[in-house]
Amino acid sequence: MAEGCMRGLRYGMVFFNLLFWLGGCGILGVGVWLSVTQGNFATLSSSLPSLSAANLLIAVGTIIMVIGCLGCVGAVKESRPLLLSFFILLLLIFFLEILSIVLFFVYQDQIDHYAQRDLKRGLQLFGTEGNVGLTNAWMIVQTDFRCCGVTNHTDWFEVYNTSRVPDSCCLEYSDNCGLENPGTWWTAPCYERVKDWLQENLVALWIFALCTALTQILGLVFSMTMFCQAIKVETFYA
């Protein structure tokens, strides 16, 4: 009876971690693809230049693959140290995610203030040598979200030291259109536009978060149940 239960848990754990590992492979693959095909697309932040979508996906995918592999090997070999390591790592990540969400809501105003200040500082690097990624990122954001500047199109006036904006701010793009009449520019602030977009997709974001949390909880339950069962089996045959 104990062996049959252990076998069922092992198969379930292996299947779960195989899916977990494959998911990590997929995320890593997308990150590598973005890094290769969109190498010049970097972060908008001047203080965190490595915080690009590609780098984040590569890091997350690698972590998921390592944890999934650890759990899979632990289940196949019925290794209590590996199962316990898998449980501790997954639990640590779960708590860090919860802590990050709590801190985000508690310090939301301070985060908004810091993010806007950092983005405005990044505007000063627009079009400069060695900052092609940041320049392309701002051009894409302003074009896709139909916005201009961080909090206002006048943010660009401090960058150019004149009443001018990048051509990506124009209602109808053309070379040097950023030198024309302000009536031909987007005036909506990009920071608020992005926040509005996140609000509009809040349901999808929460569904994704809940699915992620459920997957992690199942992993924790599977690993700890199998760990305890392994102890019982060992005690039974002792």
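From the backbone N, Cα and C atoms, a Cβ is placed for every residue, glycine too.
Any TrEMBL annotation is an automated prediction that lacks curation.
Listed in TrEMBL as the disulfide partner of CYS169, from the options CYS148, CYS177, CYS190, is CYS148. Nonlocal intrachain contacts for the transmembrane segment (12-36), taken as residues 6+ away from its ends with a CB within less than 8 angstroms of a stretch CB, comprise 53-69, 71-72, 74-76, 215, 218-219, 222-223, 226.
Within its own chain, CYS148 (disulfide bond) has GLN142, TRP156, VAL165, CYS169, TRP185, TRP186, THR187, ALA188, PRO189, CYS190 as residues 6 or more apart in sequence whose C-beta sits under 8 angstroms from its own.
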